[in-house]
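Only one structure is covered here, and it is reproduced in the block below.
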Amino acid sequence: MRAIPSRYFFLLGGTIVCLSFIVLSINYFIYQFPGNNYFPPNTPLIGSIILLNYIGLILTFDRTHRITLSGLELINLFAVMSVIALATNAVQLTPFSPIDKQIIALEKQFGIDMVAILEWTNKHPHLKYLLSIIYDSLAYQMSFIPLFVIISGRFQVLKDYYFLLLSTTLLGFSYYYFFPTTAPASEIQSSLFAPEQIATGLKFHQIHNHIQPTTIEGGLIALPSFHSIWAILCSYLIKDWFTPCIILSIINLLLIASCVLLGWHYPIDIFAAITLVGLCYYLLTRIKIENEEEE
């Protein structure tokens with residue numbers, strides 16, 4: 001199949017930006033909650049360097065040269081990540097109450113006990129250590145894997161990746177805004193939770209009590225699990241390289257398992273993440289098929 005048309009990126013990205021500014025405006029005029037800034041330090045400087053790099057490549061080569069196209073993909077990647085950072089800044093300001101108690105009650109009906117899960121993991125310290133390393137690897141995956149794909153010139157799979165990133169962000173963040181979650185550590189009493197896990201709920205409660213958050217550590221959205229979503233998308237990004245993809249997929253299966261075994265997420269968060277990725281991939285496939293039929 002051909003790459004998905006660019007208009008869908010503008011549609012998704014534009015929708016996310018518009019909704020983010022609506023949420024920020026609602027908060028500014030009505031709720032006035034404080035919040036964290038999730039843009040990385042020196043974002044304007046990084047953006048300027050990437051743009052100047054692209055201009056230099058155009059002047060050195062031509063617009064259709066693969067090196068120049070790689071420079072353009074760096075801009076696209078930066079733009080997508082900036083849109084997600086903007087959406088994160090906005091969605092943390094949700095005025096709605098968390099649904100964690102309802103999730104815990106629902107999972108209890110299925111015999112799921114997060115404390116028992118944490119205790120089991122804690123009895124296997126080597127496994128816990130391995131899962132902790134794997135869990136923390138996602139930031140490196142999302143930083144370096146797209147760069148390797150850009151260098152390789154596999155631009156079509158990057159388009160898929162951008163679409164899946166933006167579509168899961170639009171749907172997942174929208175759900176969180178109306179039905180926020182603060183993760184297990186905020187509602188379940190256990191000494192086995194890490195300080196970073198407790199910080200997730202602490203940030204939420206500080207924001208909604210008009211207290212400037214004292215930390216940016218921890219996560220934000222529990223349902224759906226974006227750690228799981230992004231792990232799946234990182235594996236998808238290298239699907240054309242069989243052996244690395246298999247190895248990374250095994251690692252990321254452990255990463256997804258670690259979300260629950262380490263206490264970062266409820267099991268239902270993982271189910272929601274897989275469902276959301278499946279839905280967005282279905283939309284991606286349908287759009288590609290319809291565009292090929294039109295041609």
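Yeah, the Cβs are placed from backbone N, Cα and C, and that goes for glycine too.
Straight from TrEMBL, the features:
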- 101-283: domain 'Inositolphosphotransferase Aur1/Ipt1' (DOMAIN)
- 9-31: transmembrane segment (TRANSMEM)
- 43-62: transmembrane segment (TRANSMEM)
- 74-91: transmembrane segment (TRANSMEM)
- 129-149: transmembrane segment (TRANSMEM)
- 161-179: transmembrane segment (TRANSMEM)
- 219-238: transmembrane segment (TRANSMEM)
- 245-264: transmembrane segment (TRANSMEM)
- 270-289: transmembrane segment (TRANSMEM)
Report, as numbers and ranges, which residues of the same chain sit near the transmembrane segment (161-179): CB under 8 Å and 6 or more residues beyond its ends.
4, 8-9, 12-13, 15-16, 19, 23, 76-77, 80, 83-84, 87-88, 91, 94, 96, 99, 146, 149, 221, 223-224, 226, 229-230, 233, 236-237, 276-277, 279-281, 283-284
Which residues, given as numbers and ranges, are at least 6 beyond the ends of the transmembrane segment (9-31) yet have a Cβ under 8 Å from it?
76, 79-80, 83-84, 86-87, 89-91, 93-95, 159, 162-163, 166-167, 169-170, 173-174, 177
Could you please provide the mean pLDDT value for the domain 'Inositolphosphotransferase Aur1/Ipt1' (101-283)?
96
